[in-house]
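Undergrad: Just dropping this structure here.
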């Protein structure tokens, strides 16, 4: 049996998508480092001066969502996404062609789910931006909500692209086997 080929990564669009996934991953990693500094500073301010940094819980709450969606496509493309391979492995061992078809189906379903998520959240981004929706306590700390919703759309779109590229690779490798 020949080794699987990642043909989608060899196209200009595929390379651009993978590069964007990598940039999003780096941004999220730097964001984590920034959050660590923010949290330690908040604790130090609270303990040493009796004055915490305003809005840290809100920033952390929404940052976690942003970080996850910025990193998820890179995680999938790198093959590090958590998935249950028990049935797929068994089917591949018994019937390799059926296993490849099942993998293709899983990748197509993943692309469809991620694309639907991006499509569903996009109107919420527009609404939050138009209305100036904020998170926090007025007069104490507020931050706009739309950038975090936009990160869900961006991350879901990149994840859909990653799943689509994997589906393309799976289809190419199925065709190559036959």
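Every residue gets a Cβ built from N, Cα and C, even glycine.
The structure displayed is predicted, hence computed values, not measured ones.
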Undergrad: Out of 41-58, 59-76, which range is noted as transmembrane segment by TrEMBL?
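TA: Of the candidate stretches, TrEMBL labels 59-76 as transmembrane segment.
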Undergrad: With CB pairs under 8 Å as the measure, which of the listed stretches 59-76, 97-122, 145-168 comes out on top against the transmembrane segment (12-39)?
TA: 59-76
Undergrad: For the domain 'Tripartite ATP-independent periplasmic transporters DctQ component' (35-169), what's the mean pLDDT in this predicted model?
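TA: PLDDT averaged over the stretch: 94.
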Undergrad: Which sequence-distant residues neighbour the transmembrane segment (59-76)? Criterion: at least 6 residues beyond either end, Cβ under 8 Å.
TA: 21-22, 24-25, 27-29, 31-32, 35, 38-39, 110, 135, 143, 145, 147-148, 151-152, 154-156, 158-159, 161-163, 166
